[in-house]
Amino acid sequence: MTDKIFIEAYNDAAAKVERNSGRIGLAFPQAVPDGEREYNREEPDYWTGGFWGGQLWLAYRALKKEPLRELARAIEEAQDVPLNEFTKLHHDVGFMWLPTAVLDYRLTGREESRVRGLKAAAILASRFNLNGRFIRAWNEENRENSQGLAIIDCLMNLPLLYWASRELNDPRYAQIARAHTDTVLAHFVREDATVPHIVEFDAGTGAYRGPAVGQGKSPDSAWSRGQAWAVYGFAAAYRETGEACYLRTAERMAKRFFENLPEDGIPYWDFCSDEKDRYARDSTAACVAASGMLEIAGLTKEDREKEYFTGCAGKILENIITNVADFGDDTQGIVRMGTVNYAQKRYINTSVIYGDFYFIEALGKMQGLTGAF
């Protein structure tokens, strides 16, 4: 494993994003349908709406090509429709505006992008359940009786709240983020360092009810992308707060993730999946986990741990580059073998927009660049 393979992959991925910019254009892609070459298209309010714009910003940072910035901003501006309409938005506004408006502001200082990010943060904060100390997942049109549901994915949205607290010098946003993280730590994280996708609470009293059926094999299984969200999410929580228990949790979960990888390094969709279902892989989990492990490596003060997590992330990325990366033009996707939702049989073993994003982000981190989350 050498730095050269990561530098070349980073440059190849950025070049493909530039070529894709002329093919995908102003759109909100999610995944490449089976047997097709092009990404599908979703509405601007869909939770994956920030990842194509985010790819453009990552490629702009690498290539400094002005058309990439112009298209990224056009996508950001198109997201004003759901941002201003408000009622269709959900807990995933961090996924939507951290890699677009907030990254724009961080890279260029553009004030209108800052305002977009602050609006999104206010929406996320408004979903906080005071009695249960959690941020509500979904809306009724997305999942019935969702008022008391919290999901592991939401950890990745919380950096938006910490950012807003700093920008506004207002501790309330960070307090909400920390309260939600503590609830996840108390009610999601198992003794074996795995997590369920969903936990249910009584929406009125806030009382814990237990894990619920989600994207994993069962409420008691270990959905690989959920594990990856937790690795990165707890690492980010430590970065923002300095709370040591968050870093310890991220480290435990990252080690568990790495130990469960098959020989080729591409995770099964669920680490507890039956043999007959193990044809379904999820490279997106690997990309997210690699970026999260690099976050840990950059935060830990222990040299041995830094070396370990950098090595784990490097091995994962090397396996992705060798086994499932596609830098050519036969498909718009960059990383193959991702699975959106195996339980619903949606987009299995294909390219997924957030897998591509976190792959590029992780490759940038291997060269000392910061991520978007």
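Yeah, the Cβs are placed from backbone N, Cα and C, and that goes for glycine too.
In TrEMBL, annotation is done automatically, which means it is predicted and not curated.
The feature active site, nucleophile is assigned by TrEMBL to Asp92. In the three-state DSSP classification, Asp92 (active site, nucleophile) falls within coil. Sequence-distant neighbours of Asp92 (active site, nucleophile) (same chain, 6+ apart, CB under 8 A from its CB) are Trp47, Asp153, Cys154, Asn157.
Sequence annotations record features per position, and here TrEMBL assigns substrate binding site to Asp92, Asp153, Arg225, Trp229.
Per TrEMBL, active site, proton donor is recorded for Asp153. Under DSSP, Asp153 (substrate binding site) is assigned to a helix (H, G or I) in the three-state scheme.
Around Trp229 (substrate binding site), the same-chain residues at least 6 positions away in sequence with a Cβ under 8 Å from its Cβ are Ile152, Asp153, Leu155, Met156, Val288.
Taking all protein chains in view, 30 other C-beta atoms sit within 10 angstroms of the C-beta of Arg225 (substrate binding site).
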